[in-house]
Every structure is written in C-alpha cells, then in structure tokens.
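J.: Supplied in structure tokens, the structure appears directly below.
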Amino acid sequence: MAVGKIVISVASMLLVVGVAIGVVTFVNKGGGAGGDKTLNSHQKAVESLCASATDKGSCAKTLDPVKSDDPSKLIKAFMLATKDAVTKSTNFTASTEEGMGKNINATSKAVLDYCKRVLMYALEDLETIVEEMGEDLQQSGSKMDQLKQWLTGVFNYQTDCIDDIEESELRKVMGEGIAHSKILSSNAIDIFHALTTAMSQMNVKVDDMKKGNLGETPAPDRDLLEDLDQKGLPKWHSDKDRKLMAQAGRPGAPADEGIGEGGGGGGKIKPTHVVAKDGSGQFKTISEAVKACPEKNPGRCIIYIKAGVYKEQVTIPKKVNNVFMFGDGATQTIITFDRSVGLSPGTTTSLSGTVQVESEGFMAKWIGFQNTAGPLGHQAVAFRVNGDRAVIFNCRFDGYQDTLYVNNGRQFYRNIVVSGTVDFIFGKSATVIQNSLILCRKGSPGQTNHVTADGNEKGKAVKIGIVLHNCRIMADKELEADRLTVKSYLGRPWKPFATTAVIGTEIGDLIQPTGWNEWQGEKFHLTATYVEFNNRGPGANTAARVPWAKMAKSAAEVERFTVANWLTPANWIQEANVPVQLGL
C-alpha cells in the first residue's frame, strides 16, 4: 500500500527528531514516593535540543530564560545568544589590545588586529544566519546545510584567532576570553547537525521541512544530487559563471594546453578589469583592480591579469565577493611575495599569504601563486582562502611550509600543482583536490615533509577535512635524488579530529611506508580520521601503515568523501573542458 503524505508542523517534526536521537523521555505521570517527575513542555524542548550539544549544561543555561517550547523560537534565541557572546569576545579582544598599550609588540598587535577582523566576520555570518532563518524554521528549508556551513565558519573564525597567537601568555588570555562564544558556536553546530542527521535517517529531507511533509519516499540519490541541474551542474552557479569558467582559458591558447586535462579554450571572456605591468591595462597592480571591484556584488568582478611577475601581497576583503581572476598561464601570470613568520617581524601564519581571499564565491584560473620566503621563513603561505565556495582550476601554488591554506568554507581545486615541505596543504575547510600534481620539496637539513595537516577541531558534526582524489604525489626535481632519505608523509593531525582521505591517487616511493605521522607532543592521531582507498604506485603499499589509519576495502566506505557528499549541497562546477567528478 502506498504511503501517503503526512503533514506536520516544524515543532512536531522536531519532537519526532528528538525521539529519533533518543533525547525525549516520556515520564510516568503516576503518583508515588518519587512524586511527579514530569518535565514541563519548555524543559522537554530544551532537553531535546541540547541533548546532542558538546556542552549540554551551557546549552540548557542559554535556553532556560526563553519562555517558549517552540523549537524555532528556541533555536533562533540560541543564535542570538551566540551572536551576543561573539560580540563580547570582539570587545574583549579590543580591550586586551588597549590594555597592552605602548608595550605591545608588532606581532601581538598584528594578531589581535586579525582576531578583531575574523570575529567581525563571525558576527556578520551570525547576522546572516538569523536573517535567513526568518521567524520560523519552515522558512529555512533547504538552507539548513548552508546555515550549518556558516555556523562552521563562525566556529573556525574563533579558532583562527587563537591559532595565530604564538606568545603563550597572550594565547592563554585570549583563549579564556573567547571561550564562552566558542562553546556556544560549537553547541549551535551540534544542534543543527542533530536535526539534519535525524531527518536524513528518517528519510526526511530538508526540503520536506520547508514543505511541512514527513514520510515521503525520496527519489534515488536525491541526497547527493538535489542541488544539481539535469546536466549535473550546481544550481548555485549562474549560467554566466559557467560560461566564464569554460571560456577562461589562456587567451589565444590551444584547447589542449594546460597542466593536465582541460587546458586553454580560446579566452573569449570579457573582463571588467585588466591588470598589466606594462601599462596596457586599466591597472598596474592586482590590488588596485581588487579595490575597484564593488562590494556585495550580485554579479562577477572579472579581473584579467596579463602575463608578468607581480610582486605584491593581495587581499580580497570579505565584502568584495564573487571575484574571478584569470591569467595567461600558471607559469606566465605569477603573483609572488616573501612574507613569513620567521623572517618578517609582525607576521602571523594567516597574514603571511601572498594572496588572501576573505570573501565568498572566489574563482581563479591560469595563475601561479608563490611565496618565496624559503625554508628558513618557516610558515609562509602562498594562497589562503577563508571564503566559502572557492573554485580553482589550472593554477599553481609554490612555497615551502604552509603553501596552501585551505582555511574555511567549501573549496574545490582541479588540475593544480602545489609544492611544499611542512604541512603544505592545511586548514579547517571542506576541501577536495582532484586530478592534481602534489610535489614534495627539499627543505632545511633534517626537515620532514608532511603533505597535509588538517585542522578539524569539532569532529564529525562538521565537514572539515582534506580529500586528495585522483592526484599524483611525487618528489620535485630538487628532492628527487634524496627522496628516499628525506622523510615524507601523507600528513599529520594538526587538530584532534583531523580528517584526510587519499583516494585513487598515485603515491611515489618518497612517502614513508608508515604513511602518516603524529603531531609532536600530542595524541591527536588517536582521534583523527585518515583513510586510503584504491591508490597506486610504490608509496601506496599499506602493509606497514600506522595502525590508526584506515585502509578502506570498498567504495561505500569512502563515499562520503566524494565531491557530491563532502562539498554538499554539491556546490561546484562541472565543465566540459575541466570536468568535476562528483563520485568516485
């Protein structure tokens, strides 16, 4: 017999969700020595929402003053409380800087200024979350995944602040000062994760929440492809964006030119801004072109950077969204700088980046990004992305330690080259790198190479982790002769729940037989998630792998790391000349 639609309210559905995750207890109302232990409706609602929170006590305390049992109102109240806590953390940071007065050194001032900036980013995202939620979660519907993504960013911005502080006393002071807002942000993620997970387990999609429908049988694979059109392209990318990425080959290049597949393509795109060192464009520097881009742009700011070496540090502010840069080739258009923690006073890891993308919707093609500080510069980032939905094709990233900082949001890289030594692909984002060349370099004497260092501090409630899919991991020409004596590893855990998957990748013999390494002085490897599947090459032999890494036996075990799942809701581009592989 066919199952009919069951129409319910959001409040009822959340109650059912509470039952599904085992948090609503029906108490016997009968009398007895124990008296009436029945919880009132408000307490039940709070208990239900807070059951999955990392800090249940803090969660309940936050919601106790809210005199309502409406889950929508409770969740919105929780978001407002989180916003208030982040505001206090921002004010605390400013007062800490003021309290240090003239005694503050350049590095402390730089890191506190950065803290203030990223905490403001967190506030802006919380404001967006509250606005998008509306008065009722029914208005959120299919935005639930996006709301959770923004919440992940709010949490990450606060960890960014602490991560950049190297001075121990200041790190302790700031850690304690923003602890409350970080806890509330963490709890908020847990609440959203519990709701979306429980609904998924009950075959309730987020769109059903919007429609008020429970119990419909979903279409096949809807959870993977619900945000793709009939051609397999992401709905969030406009027709103009798709054409831009298809057309943005190196101007005049043959169609087969490139680092790998999907090379040139004619360069028919019409830029809004042109940068040229010889004065033949509107601007001589990239930074000038970025400043000319509008804020909160519903369209695209398209910057064509002509061939040349541009020695400058470029920052794309958070409000300058939807920037698309393309050049004349990854070895022809090069953006380079040499700022580093080791050699540049007043510099932190986050501030060392040659190019720093703070905004959403960034796209790049046919550009080389370099940090030339060298191994003695220690942390020296070539490219850092903080914004959500970054799409990078046919680019090259060269550095030593911390080359590619995939710091926040959802990021997709295809057909790139990235080189480095220590933790040279690292961050706290959901990142997939496909069909790319990864090169370990020769660093300082005795230095060990680590390809990845993921910074997942939150666990499985968030999608934070690095996926290397169908790549090649090799030694560069300077390391080639010493590749068997210089130790190189696939990665090490930067944070307690570090997550990294290497799938369908050719691994050279430079990688140690153990595959993965521990973070010195920490036990993060005991809670980290490291997965390998269907790899090839001499370095892919898993016989001597560390016991805490998982060697997947079937595709089902790594399905969650596909583009369609890891970067949900499938927010990436599939183009004819540079295709996106949604599955394995």
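Glycine is treated like the rest: Cβ placed from N, Cα and C.
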J.: Quick check on the annotation: Swiss-Prot has GLN379, ARG492, TRP494 binding substrate, so which of THR348, THR349, THR354 does it put in that site too?
T.: THR349
J.: Just to verify: the residue among ASP402, ASP423 with the fewest other Cβ atoms within 10 Å, which of the active-site residues is it?
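T.: Lowest Cβ count within 10 Å among the active-site residues (ASP402, ASP423) is ASP423.
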J.: Rounded to a whole number, how many Å is the Cα of ASP423 (active site, nucleophile) away from the Cα of ASP402 (active site, proton donor)?
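T.: ASP423 (active site, nucleophile) and ASP402 (active site, proton donor) have their Cα atoms 5 Å apart.
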J.: Given the model, what does the mean pLDDT over the region 'Pectinesterase inhibitor' (40-191) come out as?
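T.: Per the prediction, mean pLDDT sits at 91 for the region 'Pectinesterase inhibitor' (40-191).
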J.: In angstrom units, rounded to an integer, how far apart are the Cα atoms of ASN105 (N-linked glycosylation site) and ASN91 (N-linked glycosylation site)?
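T.: Checking the Cα atoms of ASN105 (N-linked glycosylation site) and ASN91 (N-linked glycosylation site) gives a distance of 20 Å.
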